Amino acid sequence: MLTKIAVQTIKTKWKNLLILFAGLVISTAIFYMFSTVANNKAFLTANTSIKSIIVVFVIGEILLGLITFIYLNFANRFLVQLRQREYGLLMMFGANKLSISRLLFMETFFLGLISLVMGSFLGAGLTIVAGNVLQKQLDLTLPHWQIFNSTGFIITICYFIIVFSLNGFLNQLYINRTDINKLLQANQSAEKTPKTGVANFITGIIGIVLLILSFVVMAQLVAKGIFILIALVLAIVLNISGTYLFIRSSLTLVLNVLKGSSLSATGLRRFTLGQLSFRLRAFERILTIVTLLFALALGALTVGRGYELSTPTLAEQSSPFTININQPSKQDDQLISQLQGVTYTKTYQYKQLTNEIVWDAAQFDREPLPYYKSSTSDNSSFTASVPKIQFGNANQISKPNPSDFLIRKTLTDLATATNPNHISIGNTVDTHKFAISKAPVKRVTIVHVKNMTSQPNAQILKKLAATQTKRFPTLATLGVSGAYGFLEISKGVFGGLEFMGFFLAIAFLVMLASTLMFKVLSNVDIDRRRYQILTMIGATPAQRIFANALEIAIIFIVPLTIGIIDVVYGLPMFKALMVNPYIGLTSSLLIIVSFYTLYYVLTVIIYQQMLKKGNK
Amino acid sequence: MKNVIDVKNLNLTYNTNGSKPFYALKDVNLTVSEGKFVAIMGPSGSGKSSLLNVLASLQAPTSGEVLIDDQNIWQLNANQLAKFRGQKLGFIFQEYNLIESLSVFDNIALPLSLAKAKAANIKEAVNHVATLLHLTEQLTKFPSELSGGQKQRVAAARALVHQPKLIFGDEPTGALDSANAREMMNYLNKINNEQHISILMVTHDGFSASFANKIHFLSDGQIVQTLERGDQTREEFYRAVLDFLGTFEE
Ligand SMILES: Nc1ncnc2c1ncn2[C@@H]1O[C@H](COP(=O)(O)OP(=O)(O)OP(=O)(O)O)[C@@H](O)[C@H]1O
Ligand SMILES: [Mg+2]
């Protein structure tokens, strides 16, 4: 009999159960995705230069665990909400409380188990897709990359089994504790909006203070690597509790102010406000974790973008030419001619003696050598701009002014490929010496392009560098000179972080989307009747859609604002790791906010569809 | 006298998947004159709610005409229909149909807010109907904190607050005990007499129906009999209804 009823429930409420199920599967998948990376120690250590990276990921995993826990708890309550009326009815007709609560436990547990299995598969799929697409997109091949990690998998399984059992147990407790009448009146009772009194004001102030403290800890301790572990945990705890208190008090305040204002009297505004206050308490927790996810996603993306954007700039700063080709072949020349946005191409001749490289001075008068002026302050390498390229003739190369001495570096960099011991070797610029030497003439071509990461340049430069390395084995260990060579090396150093930034951003965004969508859509059933009543009373379709869109908009705006504040003030945390943590902020904001807006529209559309469907 | 409701040859067919169509309303003709209180009675499943839903523009008929206040409602589009309902109609349904997320005050005020009335006017109107229906003490409460009778009175207050032409009631006393039902009917009577709002009410309860000026009896989707109250007192009319029901049931 009980199973028959359970099957019937699935039949009639499958849409709701589907939302629930999708939510569970996605959260499992994201946890799997994160665990796979977090527990891949070889990958983490091989791809970053940061010593504490493993600790950071352990903390990250705990944080995600916490977020998932709150989410699952919420999902669980939704399940109970779906079932409790029925359980109440059954009990009223004399069903045994114990068997009912056992049934609910089994339901919770099995639903969890199925989503665990499916979530793991989805997680592996997401890891493959996100991992491979990203590496391809960023032009990286990261060593030790895995799509399955046994430790990560075991942690995922254990974690979810524990949480599902716990939830099942809590459900059992809830059913046992709650009287039948309450069960039958599920979702009917209101929580009144708390008053905006002194207590609420103080809560808000405490929230703001905690948030500010968390930013101070991030900028002063985490950024400087002081007690990094404790500092990170402290920052997170302060930030979460601050966010929670702030959301709680500001929402209460805003709702009360709006309710009091005469503006709220017209149209469906009071209805929207009522809806929001009715769910205020449930929203506080969910909005806190959504805010957290928003900030994490935006932060991760900003750091990833930061590396992506700043490495070409750093590379540009490192050398006034993009690449140098020693002894260019016909093919090389042809490739060079295909480069786009070329600032200059210059070819020089030299002769290689045992202890020095001799350059014909006259050629530098014809084709001056590019260089950067050395900057006066030490900090200048921290600026995000690329200095102007200067050109110097033979005289300047031989006797450079103090501010022009980097011209010698350009000269030294030109012929590294043909000289295994280039550092100890001297470079002489002398027309006469060049003329009398019997050594064969060698040639080197240097090119500068405006953009070396865009196509087709990236592709061409890659080919050029590859043939050079093949021809001159020295380069295999030394790397190609010039800005392009620097870019390749920094990819090895920063590529891992860049990748992790993007990977985590995707994971957090999916989790955010799932949480928010779940929270919003879990209300459809309750709302449907309310919107029907509104129809009956004379609200036009447009008014109804607007009321609904507004309600959802307010829910969406809270994490957006606080999340952005979190990132803007939290970014200094990465000062030790990157030159300018803010460099990727604008573009990341653009990406995430457009995604978020699109997602908002989608949510409203789905909501409307679901409201309509139920009418039939 | 002018008719607020004029129904001509109304048919409603339910097409359930697979099985043959079910004729819920068959060629119904009916009028309600302005300011009158009309009841519709009939056994369960006879089509009372279906008729009311069609008249109240909540459900489209299969064929036939529904004129309310001289307006053919099924010629209006969704927006016009919404406006029409908001201005001219009020509803009191069996399951109270209150919005749990709104306070009693806000529930009652809804039709006025929708019509974009001024805050001060809303307050005045709500207080007025709240006094009329003895709800002044309950205004700040939420629906979940009310008794069944109180909820029903809130629904009545909401149906009344914007001074509609016509109030539709589907078993407005259905969920109430006899004392509360009598009270509710007295209120409706008062609304009808003092505010001159026409009422069309569906009920299976003869006592409630006896408050009306006229009762139509529905059976298998057809109006089979009509009783006029005329000059009878309510008690006399009630007895007449009971007598009729005695013969009708056989
Ligand atoms: N959506 C529907 N689809 C198919 N048949 C329906 C539908 N709604 C109602 N019916 C049928 O139409 C008939 C009339 O239903 P209606 O709800 O109007 O009855 P009623 O007179 O209000 O009964 P009660 O006094 O029990 O409320 C019933 O036989 C019912 O089974
Ligand atoms: Mg009915």
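Every residue gets a Cβ built from N, Cα and C, even glycine.
The transmembrane segment annotation in TrEMBL covers A:16-34 (among others).
Residues annotated as transmembrane segment in TrEMBL: A:54-75 (among others). The list of residues near the transmembrane segment (A:54-75) in space but at least 6 beyond its ends in sequence, with Cβ under 8 angstroms from a Cβ of it, reads 20, 23-24, 27, 30-31, 34-35, 37-38, 41, 44-45, 155, 159, 163-164, 167, 170, 228-229, 232-233, 236, 282, 285-286, 289, 292-293, 296, 504, 511, 515, 518-519.
Annotated domain 'ABC3 transporter permease C-terminal' per TrEMBL: A:63-171, in sequence order.
Nonlocal intrachain contacts for the transmembrane segment (A:111-134), taken as residues 6+ away from its ends with a CB within less than 8 angstroms of a stretch CB, comprise 20-21, 24-33, 36-37, 79, 140, 145, 147-148, 153, 156-157, 160-161, 163-164, 167-168, 499, 502-503, 506-507, 510. Sequence annotations record features per position, and here TrEMBL assigns transmembrane segment to A:111-134 (among others).
Feature annotation from TrEMBL assigns transmembrane segment to A:146-166 (among others).
Annotation comment: TrEMBL describes A:198-219 (among others) as transmembrane segment.
Look at TrEMBL and you will find A:226-247 (among others) tagged as transmembrane segment.
Annotation source TrEMBL lists transmembrane segment at A:286-304 (among others).
According to TrEMBL, the feature transmembrane segment maps to A:499-524 (among others). Beyond the transmembrane segment (A:499-524), the same-chain residues lying 6 or more positions past its ends with a Cβ under 8 Å from any Cβ of the stretch are 16, 19-20, 22-23, 26-27, 29-30, 33-34, 37, 47-48, 60, 64, 67, 71, 74-75, 78, 81, 126, 130-131, 134-135, 138, 140, 142, 279, 283, 286, 289-290, 293-294, 296-298, 300-307, 552, 555-556, 559, 588, 592, 595, 599, 603, 606-607, 610-611, 614.
Residues or ranges marked as transmembrane segment by TrEMBL: A:545-570 (among others).
Among the features that TrEMBL reports, transmembrane segment is placed at A:582-607 (among others).
The DSSP breakdown of the domain 'ABC3 transporter permease C-terminal' (A:63-171), given as helix, strand and coil counts, is 93 helix, 0 strand, 16 coil.
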